Amino acid sequence: MKCFGNSRPVPKYFSFSSQKPQLEMDSNQQENGVETNHYSSIPPSPSPEDQDEAFSTYFEQKVHIPDTGNQIFSFRKLWAFTGPGFLMSIAYLDPGNIESDLQSGAKAGFKLLWVLLGATIIGLLLQRLAARLGVVTGMHLAEVCNRQYPTVPRIILWLMVELAIIGSDMQEVIGCAIAFNLLSVGRIPLWAGVLITITDTFVFLFLDKYGLRKLEAFFGLLITIMAISFGYEYVIVKPDQGELLKGMFLPYCAGCGPVQLEQAVGIVGAVIMPHNIYLHSALVKSRDVDRKNKKDVKEANKYFFIESAVALFVSFLINVFVVAVFAEAFFNKTNMDVNAMCNATGSPHTDLFPMNNDTLEVDIYKGGVVLGCFFGPAALYIWAVGILAAGQSSTMTGTYSGQFVMEGFLNLRWSRFARVLLTRSIAIIPTLLVAIFQDVQHLTGMNDFLNVLQSLQLPFALIPILTFTSLTSIMNDFANGLVWKISGGILILMVCVINMYFVIVYVTALNSVLLYVLAALISVGYLCFVAYLAWHCLVALGVSCLDCGSRVSNPPAVLIEEQSEYDS
């Protein structure tokens, strides 16, 4: 069998941690004096110390999983697995998502809540694949890509994922800067807020020195702050519960036009983020799961899925709070309506809303201002606290994503501080330039561009994760079955098509022939690379007629049968 990584020969059951074949005559093997019975086609490395040295997970400890006997479900064990899913869910609550939520409410009312629900469910299913890859192989997605793709595609893939991380990080850092500006009543300019965010992110990232569980508790605190802040706005606005439930469970948008359609597409793009797939596949490595034991791996997959479902349910509720607040209070409001109210309450931000009857357009900055005008200063400051928690938590997880992606694709073994400094600098420098040359009132155009940038990168996370989790040679008994292959392929195709529509709408609105030509040239190379990844993915899914020179395929059935006999 060939694998589509390096050109050197690879054993028929290749290992990421060694080059020796998996199949042996003896089912009981001695490794470091310990008798083991491997079930997986990817055996553990020769020793735990070697594995930690070879494949650092950035976290310097692993959480012990308690033995609860043969219980079908244990809350104690679920608690031990709780953490990675909540860190992953923060990407569903970053400032970009919050802005998408408030714009959805202001432009479409409650009518697009079902899109948010559907996008969150799709996100959960995709995160399941990421978690399974990390648990079964003991490696995260970037490490698997590094070992499986040839050099040139691997470098292109790394650059594309880095672009996605930079785009996301810019939104998150600027979100923090906007929060500082609102809390200081404009005294802290955007560039100063960016510098403050950079500094406190460096400080917070070293919290795991005091224990991984303490770091996860800190993220839990930030999510709680978001829930309380946006929940407070929800309570004082008092949305119509009937309209909310109708919008959530009736997949229909009466009277919707192009504006609402674009907003629906934007919701999907904001919720499903490429770097989050890489992040989640790495975070699950922080649990001490015995990959030599099939039962333990199966149990870990179950608990990680439950934890992810709970975490995304919490993030969904927080997103619903934001949509409902702006749907109830500001749907169909005009600039003149808001201007009059801000004038009446003595707001210093009246000039943000021109005296015309155009429909109100808001972002996270203007959103806080209009809340302050209609519901008092407390609403504005509490909104800013929620945005600060969203931006701070997501910029920290974004830094972790950068760590994992860079270490995995480039096989970096730098010191901890050097890695943090490099990954922070890549994203922060363009953010700081934007903050210096752009004022806080005119960031909507840049946010749209960053959303498009991230939408373009989605195939570079979704296609590889489906490819590798479908390969029996990598996942063995935990490879995707036929249902998951088909449904996963359809979901990923649907998400990618939706996001491509969003990109096309954005580009056609530029009204520049030069930009059209440039976009067309870039599109050729982009589509060729996506087609290359899709080709390998289809072969992994079992479309054998395309396996003409592809370097990825599942092992022959006879080998799988031999492995099954060996495992038993």
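Cβ from N, Cα, C; glycine included.
Computed from a predicted structure; not experimentally measured.
Taken from TrEMBL as is:
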| type | residues | note |
| --- | --- | --- |
| REGION | 1-53 | region 'Disordered' |
| COMPBIAS | 15-42 | compositional bias 'Polar residues' |
| TRANSMEM | 113-135 | transmembrane segment |
| TRANSMEM | 188-207 | transmembrane segment |
| TRANSMEM | 219-237 | transmembrane segment |
| TRANSMEM | 264-283 | transmembrane segment |
| TRANSMEM | 304-327 | transmembrane segment |
| TRANSMEM | 364-390 | transmembrane segment |
| TRANSMEM | 421-438 | transmembrane segment |
| TRANSMEM | 458-475 | transmembrane segment |
| TRANSMEM | 482-507 | transmembrane segment |
| TRANSMEM | 513-535 | transmembrane segment |
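Residues of the same chain lying 6 or more positions beyond the ends of the transmembrane segment (364-390) and with a Cβ under 8 Å from any Cβ of it are 90, 93-95, 97-99, 102, 172, 175-176, 178-183, 222-223, 225-226, 229-230, 232-233, 236-237, 325-326, 329-330, 338, 341-342, 345, 347, 349, 352-353, 440-441, 443. Panel annotation: around the transmembrane segment (113-135), residues 84-85, 88, 92, 101, 104, 141, 144, 244, 247-252, 264, 267-268, 271-272, 276-278, 280-285, 289, 291, 297, 300-301, 304-305, 308-309, 312, 315-316, 319-320, 323-324, 462, 465-466, 468-469, 475, 478, 480, 487-488, 491-492, 495 of the same chain, lying at least six beyond its termini, place a Cβ under 8 Å from a Cβ of the stretch. Sequence-remote contacts of a segment are chain residues at least 6 beyond its ends whose Cβ falls under 8 Å from one of its Cβ atoms, and for the transmembrane segment (513-535) they are 153, 156-157, 456, 459-460, 463-464, 467, 507, 546, 550. Note on the transmembrane segment (421-438): residues 162, 165-166, 169-170, 173-174, 177, 189-191, 193-195, 198, 201-202, 398-399, 402-403, 406, 414, 446 of its chain, located 6 or more positions outside it, place their CB under 8 angstroms from a CB of the stretch.
Within the same chain, the transmembrane segment (219-237) stays apart from the transmembrane segment (482-507): fewer than three Cβ pairs sit under 8 Å, each pair at least 6 residues apart.
Within the chain, the transmembrane segment (264-283) has long-range Cβ neighbours (under 8 A, six or more residues past its boundaries) at 57-58, 83-85, 87-88, 91-92, 96-97, 99-101, 103-104, 108, 112, 115-116, 119-120, 122-123, 126-127, 129-131, 133-134, 140-142, 161, 164-165, 168, 253, 308, 397-398, 400-402, 404-405, 408, 451, 454-455, 457-458, 460-462, 465, 495, 498-499, 501-502, 505.
Long-range contacts of the transmembrane segment (304-327) within the same chain, counting only residues at least 6 positions beyond its ends with a Cβ under 8 Å from a Cβ of the stretch, are 78, 81-86, 88-90, 92-93, 97-98, 101-106, 108-110, 112-113, 116-117, 120, 123-124, 127-128, 131, 135, 223, 226-227, 230-231, 233-234, 237, 239, 243-244, 247-248, 280, 284, 362, 367, 371.
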